[in-house]
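Colleague: Annotations for this protein, taken from TrEMBL, read as follows:
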DOMAIN    6-318  domain 'FAD/NAD(P)-binding'
DISULFID  43-48  disulfide bond
BINDING   52, 303  FAD binding site
BINDING   174, 175, 176, 177, 178, 179, 180, 181, 262  NAD(+) binding site
DOMAIN    338-445  domain 'Pyridine nucleotide-disulphide oxidoreductase dimerisation'
ACT_SITE  435  active site, proton acceptor
Ligand code: NDP
């Protein structure tokens with residue numbers, strides 16, 4: 001082996017990069033990780049963690065509404081947004097410290113700066129050349145926005161997490177995970193929120209019953225969903241705020257515009273061409289099942305590869321990479337039945353196939369229930385919980401579990417184990433429920449919904 005500075009150089013100290021580096025270090029490799037921003041990456045610094053803290057903060061607004069029905073009253077309750085942001089930032093500082101300590105304890109050198117490939121084994125870090133036998137690209141993704149006049153006036157989730165003043169009116173463009181989660185946070189805190197989507201429904205890729213149920217519930221909570229609308233231009237208004245020029249329809253006036261129109265692989269300025277690493281049309285680094293790029297000694301994991309953009313997936317890719325390359329125990333990541341959640345209010349949890357995906361594979365039986373959760377009755381909250389099982393009609397295997405309602409992410413995590421084990425509907429039925437819970441409905445649904453009658457072609 002040539003005389004390199006390190007056995008492994010990881011670019012990006014996010015969840016995937018840190019896990020891969022620590023594991024490789026533990027397997028005896030000489031490892032360094034480069035980071036040009038805060039240690040912890042998107043999930044810890046600009047995504048899952050700060051977002052979830054704001055979700056928790058916003059949920060108290062619901063609790064305060066609901067508690068009256070349970071006999072509580074409390075005068076003089078006030079919410080202070082800057083206090084929540086300050087507390088959230090304090091926690092991020094703590095977590096960054098934890099990550100730094102983990103790297104130190106894992107014998108991973110931290111090189112702070114921006115990395116740019118010079119060739120397949122060399123990287124420039126702010127003017128200093130560092131070499132490594134293997135290089136792991138774990139630079140994640142970055143919000144992407146369409147190029148339209150005035151787009152510079154829009155914020156992304158990055159800035160939304162750090163607003164010091166809450167707007168009265170917020171318009172969010174996009175209808176994916178991030179749009180729906182932030183719409184819920186700001187709506188609960190009293191902001192007048194509109195969500196503008198170019199198609200007819202939010203949450204593309206999710207089961208139709210999730211999309212419809214969540215839409216109903218968001219609207220019930222006062223969020224305006226504006227479907228079939230394209231924003232052509234954003235004008236700054238002289239008196240403050242912004243005017244969104246759209247097709248079709250009248251302009252929308254708002255105090256703040258947030259774009260949540262997807263995230264793109266964060267490869268700008270990384271010099272991938274110099275190393276010979278190929279990217280797809282989307283900009284994602286192309287990898288094989290072993291996380292190996294088009295260059296033998298360069299690997300990539302996480303959002304930069306555009307497989308499933310979720311932290312636990314990146315972490316599992318990191319584990320597979322480290323074991324394969326530094327522990328002589330080859331592993332590939334299994335992308336089947338990866339559960340996910342949307343931390344909207346109410347939240348969504350899902351694992352496995354949507355009804356549409358399952359029907360494309362063969363006959364199915366669908367079990368679905370909608371009900372008002374017990375907790376909401378005394379609270380007077382008119383919110384429906386939706387649970388759904390998609391079952392293979394030939395094998396009885398449960399192919400998908402979907403839920404909108406309180407604690408959906410917590411409930412679906414457990415069901416994900418059952419799906420991973422190949423559970424059948426009969427085994428769900430043989431499972432005794434915990435009463436009274438919402439979750440017990442998943443094991444007590446007995447009657448499939450009638451099959452839809454599809455139009456027959458005329459003779
Ligand atoms: P998503 O891909 O989930 O959604 C993007 C949204 O933007 C879609 O509604 C899409 O509409 C819309 N869109 C895309 N381009 C345009 C455009 N030019 N004009 C108008 N609308 C547009 O992206 P997010 O940014 O919400 O999230 C990125 C990823 O991060 C997610 O896919 C997820 O993997 C991850 N994430 C996970 C979370 C979790 O696990 N809870 C939370 C947040 C993010 P259309 O449907 O019409 O294509």
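Glycine residues also receive a Cβ, built from the backbone N, Cα and C atoms like all the rest.
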Colleague: Taking a cut-off of under 6 Å between Cβ and any atom of ligand 1, tell me which of the recorded positions 180, 262, 303, 435 pass.
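Modeller: Near ligand 1, sequence order: 262.
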Colleague: On the 0 to 100 scale, where does the mean pLDDT of the domain 'FAD/NAD(P)-binding' (6-318) fall?
Modeller: 97
Colleague: Quick one: give me the count of other CB atoms within 10 A of the CB of residue 52 (FAD binding site).
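Modeller: Result for residue 52 (FAD binding site): 15 neighbouring Cβ atoms inside 10 Å.
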Colleague: Neighbour count, 10 Å Cβ-Cβ cut-off, for residue 262 (NAD(+) binding site): what number do you get?
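Modeller: Summing over all protein chains shown, residue 262 (NAD(+) binding site) has 17 other Cβ atoms within 10 Å.
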Colleague: Radius 10 Å, atoms counted are CB only; among the recorded positions 43, 48, 178, 180, which position scores highest?
Modeller: 180
Colleague: If one measures from the C-alpha of the residue listed as 'active site, proton acceptor' to the C-alpha of residue 176 (NAD(+) binding site), what distance in angstrom results, rounded to a whole number?
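Modeller: Residue 176 (NAD(+) binding site) has its Cα 34 Å from the Cα of the residue listed as 'active site, proton acceptor'.
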Colleague: Roughly how many Å lie between the Cα atoms of residue 176 (NAD(+) binding site) and residue 52 (FAD binding site), rounded to a whole value?
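Modeller: Answer for this pair: 16 Å between alpha carbons.
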Colleague: Rounded to the nearest angstrom, how far is the Cα of residue 52 (FAD binding site) from the Cα of residue 43 (disulfide bond)?
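Modeller: The Cα atom of residue 43 (disulfide bond) is 10 Å away from the Cα atom of residue 52 (FAD binding site).
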